[in-house]
Amino acid sequence: MKITNIGAIVTPVGNSYHSGDKQSELDFIENATIYIENGKIAKITREHSSDAGDLDAEGSIVIPGLVDSHTHIIFGGNRSQEFYQRASGYTYSEILRSGNGIYKTVRDTANSSADEIFTQSMKRIADAVSHGTTTIELKTGYGLYEKEERKLLDVARKISNSGLVSTVLTYLMHVLPEGESEEAYEKYSEKILSSFRNYISFADVFCDEGAFSPNAAKAFLKFADNLGLGLKIHANEINNIGCVKACSGLNVKSFDHMIHANAEDVETIRSIGSAITLLPLTVFALDESYPDARVFIDSGVPVIIASDISPLNYNANLIFAMHLAVKYSSMKPEEALTATTINAASSLGLGEKKGTVEEGKDADIVIIDVDDYTEIPYEYGINTVKKVFHNGSLVFDRTKQFKL
């Protein structure tokens, strides 16, 4: 098949992180046609021929399928009451210390069946796809113990088999169960990680005030590295307790949150060739101060934007995340598009297949109903996504229902 009458393809190019000035570099192919064969982009031309079965883009903009590299989208229950607590002045840390927050989701998840969690999670994923996401990272983390974590892993694998999106599975050492010692639980998590090894690609840890210490995070990630897994870390969301420095000797693909990063952290991340993932939707949910992306980009650190959808931040709309990053973190629209495509794909080890509209890559394509790509973050209040292709298959059409 082919997609014809494309107003312009707007895409970064290449297979790896874009940093510094390169993060704002995009290619433009006007009046284009995309040929799709066997789920791949076979050819891109500037011809105008039209045959039966072609899809007419009607002059719209085409961008790469968006890549959401940090999510907590698999869980049971909800935390709507917590929203009102935060609105009345309670902080994230206060709610967590009271045994709620993440711990409430742990209880809700334990009390939900795998089928219930799958159904809830697929609704959230369908919404993400409707806003242009074609690849999504799926974390465990709300089980804490092996039986419940395996339930979440099974749900993640079932989502992977749905065909709606491409997935990358991550085991997350999330929070310390009440009454457990950190050292003992870290060793226990290593055992879970070993048993999950054949089904996941990444290991992640929440290293912050009220979560795991730098020493525990380092030990866990070092163990994961020895297993050959990719490494990610939540750091500097609540406070800066030295997680970046502690893990600087490891091959961490991305340091996520980074609200309280200092100059030493930025230089460390740049020097080891890693990246920073900004999560503006969570900052929005918590009403915190947004980190300044200019500090990272101008220092030569690749910046990624992800949704961080969770019970706290019930939002997987990467276009709204781009809007927030442009408005509050001083990113250019070009940088924001790169952050949600090739940089996010590279952080998941998928840069050779995902994140750009180029010949030979997976046909993950989003048709956007705008006249210019700069309107994408601007028109955040309406869904401008017309159609979404995943591996060459139409998985979302605004005028039709999902093919679940």
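In case you wondered, yes, glycine gets a Cβ from its N, Cα and C as well.
In the three-state DSSP scheme, H72 (Fe(3+) binding site) falls into the coil class. Annotated Fe(3+) binding site per Swiss-Prot: H70, H72, H234, D308, in sequence order.
H234 (Fe(3+) binding site) falls within a strand when secondary structure is assigned with DSSP. A 10 Å cutoff on Cβ-Cβ distances gives H234 (Fe(3+) binding site) a total of 28 other Cβ atoms nearby, all chains included. What Swiss-Prot lists as Zn(2+) binding site is H70, H72, H234, D308, and the listing cites sequence analysis.
Around R79 (4-imidazolone-5-propanoate binding site), a 10 Å sphere centred on its CB holds 21 further CB atoms from the protein chains shown. The 4-imidazolone-5-propanoate binding site feature in Swiss-Prot is assigned to R79, Y142, H174, E237.
The Cβ of Y142 (4-imidazolone-5-propanoate binding site) has H72, I74, F75, G76, I102, T105, V106, T109, E148, L152, H174 as same-chain neighbours under 8 Å, each 6 or more residues away in sequence. The N-formimidoyl-L-glutamate binding site feature in Swiss-Prot is assigned to Y142; the stated evidence is sequence analysis.
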Cβ-centroid neighbours of Fe(3+) site H70, H72, H234, D308, 8 Å, sequence order: T71, K139, D256, H257, L279, T282, A306, S310
Distance [Cα-Cα, Å, rounded] between E237 (4-imidazolone-5-propanoate binding site) and H70 (Fe(3+) binding site): 14
Length of the line joining the Cα atoms of D308 (Fe(3+) binding site) and R79 (4-imidazolone-5-propanoate binding site), in Å: 15
Candidates H70, H72, H174: member of the binding-site residues with the richest Cβ shell (10 Å): H70
Fewest other C-beta atoms within 10 angstroms, as judged across E237, D308, which are the binding-site residues: E237
